[in-house]
Amino acid sequence: MEVHDGLKSPDKAAKSRYDDDRIDQDSEDEAVRLVANPDPSKPRKISERKRADQAAFESWVNDNKIRLSLPSATKSRRSGIRELFSSDETLETRPTRTRPRERVIEGPREYQIELFERAKQKNTIAVLDTGTGKTLIAILLIRHIIELELGARWQGREKRITFFLVDKVALVRQQTDHIRANLDFPVTGLHGDTVRNLWYSKEYFEKLLQEQEVVVCTAEILYRCLHRSYLNISQVSLVVFDEAHHAKKNHVYARIIKDFYLMEEDCQKRPRIFGMTASPIDTKDTCISYERATHELESLLHSEIATISDRDLLKVIGSRPQEVRKSYARVLRQENTELCNQLRELVGNHPLFKQTFDSAEFAVTELGAWCADKLWELCFREEAVSTLDGRVEGSRARDPDEVGESSHEVSNAREALSLVQQWSFSPPEDGSLSTKTHKLIEILAECFSQASAGNAIQCIVFVKRRDTAVLLNALCEQAEIRTKIPDLKGAFLIGAGRGGNAAFTTTRQQEQTVSRFRDGEINCLFATSIAEEGLDIPGCNVVIRFDLHGTTIQYIQSRGRARMRNSWFIHMTEFGNPEHNRRWFQDRVNEQKMRDFCLSLPKDRIMEKAEVDDVLRGDQSQKIFVVPGSKASLTFKQSLVVLAEFVATLPARPDEILSVDYTVVPVFGGFQGEVYLPASSPLRSAMGGVYRSKQLAKCAAAYAMCIQLYNSNYLDDHLKSTLAKVLPAMRNARLAVSSKKRKSYNMRTKPVLWSEVGPLTELYAMVLSLAQPGAAYYHSRPILLLTRKPLPEIAQFPLFFGKGSSRRSNVRCIPLAHPWSPTTTQVEGICAFTLCIFRDIFSKDFQASGTDMPYFLAPSTGIEHGTDLSSLVNPERIIDWATVHRTTTTDRVPYNFNEPDEFFQDKYVSDPFDGSRKFFMRKVRRDLKPQDKVPEGVPAPSKWRAVEHTILNYSVSLWKKSRAGHNSRQDQPVVEAELAPLRRNLLDETDGENSTGPQTCYLVLETLLISQIPVDTVVMAYTFPAIIYRLENSLISLEACQNLGLDIPIDIALIAMTKDSDNSDDHDEAPINFQSGMGQNYERLEFLGDCFLKMATSIALYTLVEGDEFEYHVERMLDICNKNLLNWALESNLQEHIRSKSFNRRTWYPPGLKLLKGKKTEVDDEHALGDKSIADVCEALIGAAYLTAQAQSSPNFDLAVKAVTVMTHSKTHTMQAWSDYYASYQCPEWLSTPPSQTQLELCSQIKNKMGYRFKNPRLLRCAFMHPSYPRQYENIPSYQRLEFLGDSLLDMVCVDYLFKKHPDKDPQWLTEHKMAMVSNQFFGCVAVGLGFHRHLIHMQPALGGSITEWAELVTKKREEARQLAVRRGQREEDYARDFWIEVHHPPKCLPDILEAYVGALFVDTGYDYSAVVGFFDRHIKPYFADMSIYDMYSSKHPVTHITSIITTQFGCSSFRLMVHEIPDDVQGEGLVTGAVKVVAACMIHGEVRCHAVAASGRYAKLAVAKQAVAIYEDMSPTEFRLRHGCNCKPEDGDGDHGVLVDHRADCEPEEPLRKQDPPAKSVVDVDGKTIAEMRLRHSKQMNDQEECLSW
């Protein structure tokens, strides 16, 4: 464990606690220290890594503190991504692994939508560059067509399906996977190999038609289906032609259209056509007319070409690669090599080798002699011997007349094989390579030298011939070349099938090669034209044309492979070759001609982005006004902003929403706009000039109004309003406190009750007994705790005596109702008994009289652990006075060495020389002698290393010198005994699990003392330290509540005041400095109290304060902010009563006693608390008050309301009881107006639907009044105030339900599942289910469509869930209630009106909370009867999501989300005021990858997690490892990592204006363990190093 903020880790804390101890023979504590010290564990490198990350993060914060403190430091999601990439200029050039297919359908670009919309209306050919998303448009269109077809089938029409046609078999699987990942419909892929045996099976294709929606196949498949009439063209709804430029002449694309498409006379039955290509023509003819070629393509496909402008294209692809030409010396014709000549003599006339000889003759000139010889080596591979024989034999079999000649050819072929195998191939040298090949090696060496510098290179070398690709790859594998280019990892990619004897491959091999290229295993492909189009090859940063392209489209497509930033497109041309020079320039000319032609298409066929900026930029008539004094400028576009800001400063009624209204009407010459300002504006309207577009007309009107306002002095020289609206004064106040900012405070260690000493007149008894007495190993009887004042009864709590449930027992602390007036003798007697217990059992010898004791212990008699004492009047009757008398008269039992056997049974023995040795005698062992060896298994003492291991020496604990002078009796009897346990913290379950139980030993009693206390009393007295610790903590907690005037039961008070770790409030982190055995902490109560505090202050604000929703939020922030709670807690000294330390074996004794012998007791009266922890305790006390009030015979909220008033000291919350809320409510004026008929009708409809009739219909109408609806129509404000109220009410009722239904769940679980219950998705679902959306009143044109769409969607999901239940054999009403999770977020108004309705219901019923509970029970609770179905809902939260991605998906163990406080303004007032911001960063392998700045740690972590999710969600593990150099192994993840947070910043301010779903905190550990498991594991680690039972 590492050290945070100067706090010692548990290991070090334990060490420091013991290091300064001195050996004390009279102390039992020393033995614990000696025997419980664990073996050193292995060094924990993870903790070292954490500390290194912490240091790196703090250094980064310091280096960037000024920039982070600026207002603009809070980055947007995009800027966070840019920042991440800016740290490594080559990040985007890393190879990209094949990942689960991206759902690109979710975020199309604007031009894609426009092309899609066009394709929906008519047949279209989309002309777009490689990598610009043509397939996405096709998928959008496919989905649209399928949806249309589904609708048509519903009407009884014949089923039709979609065909996606590709030109290459290799593209079938690729496009099938891509489409299947982006469509929720059945998709299959077919090519010749899959249906070769099915051509005569019509049934196969009939089944295909019924089961599939999309078929991806080679065009030949569809053609043959249509040809054989397995399908007809009318059964096809859409045909997508990939690489549509192939549709010419007799290509199968063209034949499908000519032979089948045109044969269907009914145009309505013809399928829609969509073509995709990078260029509409594919020809080498440079003289061809683009108009004619494109016209032919359009005519053939019966489609229109559509494209996008160059400007939008550049926005998509960024910048094109930098094109360069590398020239090589002229290649001269070379003679065949010696190997080739010898082989020609042997097999030169055989037709099987003709193609290889042709390739070798080409290679010797084009590539060089080495490559020509290498070709023969590749042809005559060892594994090809059998194939060669078979092919020669096959040739001979086909011509029986040439048997002799064939035999001779076979012999020659074998001789040729032997020649090649024995040939000595020279290494590739400059002389054996052509100038062209040599130039390629130079280029590759130059490019891959960047890889050595840390820049990843992905390269494709395009060639024309298959054998060229194979030979170049073989060349680069040679040691001589690898020395020059060590980072190159090559492979060839060629078309499937055979190309001579060397260049062949399979489709499977193609896929593997491309996959390895994505993975980064290969970084250089030598490829033929197969890599130019279609195949999903990741973008590269180097593309080399070894052989120049033959057509313009090849040029465009191969260039399109270089899509990365700072890419290079290299053309290799022969020096002085006019043909190469012509093609070098002609391709650019041809491309530009194609672009010019496409841009010359009609305007409706060029998709351009219609933005305001474009409209303004294209119109030079717009005006710019420059303010003379400040030089501020006012443009058309900015005038819209200036006007909106001005209106925001106008005075308004609390419920009034001010806005700017525009009217644009067509006039002669264009459009003219007019602007209208609210009635409170000094100027009401202005009219602009006539412009060519509506947008310009609107801007002109705003511009004219701004000029009028400036001229009338309503705008200053900086174009700011002079009518300053007074915003809420504390809107930007720093209200949060840090959970990591810790201070040392005084801590109450003893209750005030113990301070009362002196003469006493009466005593009150509390019986301490066990519910399961058998758990304690030994028989026991209750003991009595006698106090000067009556003690309250506390709830039972568990003690853990050992391992397993059988060793667990609850303690019952039963106060007796009647006091007892003891005599002086009796007081001194029980005082002596108490001191005897301290001396004999706990090795502490105190000097005290009865007047010094705050409490006494007394043995019991005549009662057992389960005895009913309710009728007992006088406690004196159950005290064992005989035992008291014995302890008063003598401190030990006399021993004469000749006692009978019965004497040695059931007595308690202590060692006066070693306080750690206590024993329970069991029986005498006459068969053993003191000189006998100690039997095996006896626990070894600490002081007999240098003595003989006899029973006598075992019994004597003197040091060596003292032992030598001691003469022991050799005839004394040996006693069998059991070693008494030294464990004191019986409250700690983990410590109990480590207990070994009773241990047998053998003693002689000469040097030991036999106690007067009976064994059964001793056993119960052993439990007293744990009991008194819990009792004292309870009393101190109760005192805190009494000081605040809150009558909270003692048990609940203790829970509310208990903080058991330094980061109790951080549920997503492993506990730090965990204090075991303290019982329940305040977390659950704080969760409950926080929610009630929000509800209570919301009701008070709605009741008393007239203001808008923003002002409500500000006021509520002031009331419930942690800073406010902290201040009042400190004023009340609440921090002194917080219980933050676990049981300490040295501090539980009564205060004020004089210690005569034994280790000195410690006084630990200080503790360090975080500011937020103190504020959390305040909320926990509110939660405790709430539970107390709800537990009354008549459940109410009065005590909780009083607690809110006490804790907040707010001027807006002075209520002492629930009834005070409604008593303070005054009906607003707008509710006093008689309702209209429309409002009454709404009231009736809601009555029929909901069962409740509103007393005030106008209040109900208000719940459905959208802010866009003008108030002057009905003089009813919008629902925003009611929504503010209803939001808090629904939060409270949901939290109350979860809290009571799941008493064993921690706040982390409660928060995560509350997210589901109060999410906008769910509330929107309920609103639609109740039909509330039909009652919404608004004036937003787009809102209606959004509501309708979402309502239909959620209704459909509900119906599907019902049908699924029926299909599963369930009742329809038992459908799965989590169907709404899959629905996207609704329009915001839908959850708003649900909350507003609940708020209105609450107000209309006179603040009757039971009405809210009734609404919850009927309409919300049924969805959450089984909460387990929402267990994964929280995984959508960014912090949880990114943690899962990095640690689980990527397996990285060096990931941190860290936060740090910084001054709000390091150069200004922030240094003076102490105002802070919080910066959160995502650190991976010690570097900050992205960051965010916010007002609190909670929101900063949320923001940076969103950035990280955006970056890493679609990244593959391989790309992650390459990008960050991650080499983490599974064993690295030992649970000591995950979401680590700097322990200095975690502020929690009030929620933003619109509530968001409460951010869940991450619970994912990289080991898959929950935080609860981590806490338990941490607890065990701590207890391993604290006191334990045995030596």
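Going from the start of the chain as shown, residues are counted 1 onward.
Just so you know, glycine gets a Cβ as well, placed from its N, Cα and C.
Checked against Swiss-Prot, the range among 242-245, 678-681, 962-965, 1122-1125 recorded as motif 'DEAH box' is 242-245.
Residues Asp1392, Glu1395 are given by Swiss-Prot as Mg(2+) binders; from Glu1274, Glu1283, Glu1513, Glu1519, that same site also lists Glu1283. Listed ranges 1-52, 53-104; the one Swiss-Prot annotates as region 'Disordered' is 1-52. Shown for the motif 'DEAH box' (242-245): DSSP residue counts in helix, strand and coil, namely 2 helix, 1 strand, 1 coil.
Sequence-distant neighbours of the motif 'DEAH box' (242-245) (same chain, 6+ residues past either end, Cβ-Cβ under 8 Å): 125, 164-167, 171, 175, 253, 275-282, 297, 301, 533-534, 553. Taking the Cβ of Lys1388 (site 'Important for activity') as centre and 10 Å as the limit, one finds 13 other Cβ atoms among all the protein chains shown.
Mean pLDDT of the predicted structure over the domain 'RNase III 2' (1243-1406): 86.
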